[in-house]
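S.K.: What TrEMBL records for HIS414, ASP466, GLU475 is active site. Sequence annotations record features per position, and here TrEMBL assigns domain 'Carbohydrate binding' to 526-607. The signal peptide feature in TrEMBL is assigned to 1-24.
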Amino acid sequence: MANSATIGVTTLFLLATFAPLALAFGHDYGQALSKSLLFFEAQRSGYLPGNQRVKWRGNSGLLDGKASGVDLVGGYYDAGDNVKFGLPMAFTVTMMSWSILEYGSQIASSGELGHAMDAVKWGTDYLIKAHPHPHVLYGEVGDGNTDHYCWQRPEDMTTSRSAYRIDENNPGSDLAGETAAAMAAASIVFRRANPAYSRELLTHAHQLFDFADKYRGKYDSSISVAQKYYRSVSGYADEILWAAAWLYKATNQQYYLDYLGENGDALGGTGWAMTEFGWDVKYAGVQTLVSMFLMGGKAGGHSQVFGKYQEKAEMFMCSCLGKANHNVQKTPGGLIFRQRWNNLQFVTSASFLLTVYSDHLTSARKDLQCASGSVAPSELLAFAKSQVDYILGDNPRATSYMVGYGNHFPQQVHHRGSSIVSIKVDPSFVSCRGGYATWFSRKASDPNLLTGAIVGGPDAYDNFADQRDNYEQTEPATYNNAPLLGILARFNRGHAAHNQLLPVEIPLHKPIAAHPKPASPYTAPIEIDQKATSSWVSNGRTYYRYSAIVTNKSGRTIKNFSLTVSKLYGPLWGLTKTTGGRYEFPAWVSSLPADKSIEFVYIHSAPFADVSISSYTLA
């Protein structure tokens, strides 16, 4: 059953009356990280790949989208049911990507970067399919009502697989905005490993942001079958800002920075002081990202407005710590408590923001400013750790809420696939209602271990009932796990000042003049303009990110284009390398029309590379 949380936007919470338990059992965060990634493989829909590690799962949903004339095979089931909900799926992808962007080096040193990137790509491959036209996005496959009437393995589904979409006449700015954020965040993840794919994701992100901003409306007004399960209570303003923030992070384009500065007040980014962060309410996430831009010296002329974003971000952090004027509620055992239904989704998301903000404060050598006074970054990190340790077993029940981790964890998970014998073991068809009679009502452990799943968790008094029909507490969800990837890697491998696996985002080391256009016989028909866009220092060496714009000034279409790049001492993205330092158009560009441009970028610790045109033909 999907999460039908009714998330409000109130900022008032009861003060916690008990201090967290000071337990220190010690945890294997690396093992927890590995198990958490396995959960995403168990949630896969579509044709499973050859390297699938969760062997009790099989192919499923192979006709998704066919009735609507679109291929919607793939993606993730969000929780314990067999529906594919676009809003929480996109949020899951965004948070997995953010985990990698912040803590990719730690994930890599834990040996899990490949699996983490695979998990992101399984989601983005589907989101690309779900966005077949700039202003069309499919936001749901299947519907909760018919799905919840049945208890079947995904491999046996007989329920409706209707596909639901938003478009210009039926808008959904929250859905389009979150999907744009997911595409933009993931584009950074794949920038080095798969530059063509990264650029494809960024194209979708730009289109989806334009769609969300131009055709405004709540997605659950257009896809009404989602209202009972993933109703957008907070509206769409937070997702539009969220998308703008991620597009700025992915592109460094001034347009998106200006958008955040000019629309922060109107869209609530500078006004809402939140005490929750999750698939519906993104304000705290937006405010945290913008605070990082501000601390990184990227606010430009928007410093005053960005300061208001940061003020609200820090109110969120302080409320979690219990040091604000209005603080989050906590259980007697010290766990953040927001609601009875799947409360742990808010715990993992808040813990991620606290962890990231702590590390950025540490790098900026700043403290958090709360109503009760100045707070060291280490306090944020310690509180986030207390929340993760509670989930892993440091709690009054000594229960791990991650399936398969620790000695005592949930055995009767509210999850169709794990609660029914694997189709690989017994291929006998499980009927719609027969699944309830035979498998749902069993008072026994699940036949398949849903390794790594974070279930809904305990109530306001740390109580938990391990029963399959107790969906409020025993149902897992992908968005419970996604923020944990970064946190677990961080606790397993410590704090690196910046993630050197990917281009980092810090202030320019020093101003750099634009590189003069190269003098060559081809300067008239083809213009090359290079400039440095950022720089940073690592191990005493200064690295620069250079952007090169190639513009066709010939008045005709250019084909068979080739250029030579020499004195290059680092990676280059946006062109296809051939031989001898020569590069051609990327795979997605066959020609360059008149007055059009393409961009490529490179990073090294030296002045501009020498770029010259080798050959081309005019069509």
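Positions of Cβ are set from backbone N, Cα and C atoms, glycine also.
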S.K.: Hey, how far is HIS414 (active site) from GLU475 (active site), Cα to Cα, in Å?
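M.R.: One finds 5 Å between the Cα atoms of these residues.
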S.K.: Output the one of ASP466, GLU475 that, of all these active-site residues, has the highest number of other Cβ atoms within 10 Å of its Cβ.
M.R.: GLU475
S.K.: Note down the number of other Cβ atoms within 10 Å of the Cβ of HIS414 (active site), including every protein chain shown.
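M.R.: I get 25 for this one.
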S.K.: If one measures from the C-alpha of ASP466 (active site) to the C-alpha of GLU475 (active site), what distance in angstrom results, rounded to a whole number?
M.R.: 10
S.K.: Tell me, roughly as an integer, the mean pLDDT over the domain 'Carbohydrate binding' (526-607).
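M.R.: It averages 82.
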S.K.: Could you count the residues of the domain 'Carbohydrate binding' (526-607) that DSSP puts in helix, in strand and in coil?
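M.R.: Breakdown, helix to coil: 0 helix, 50 strand, 32 coil.
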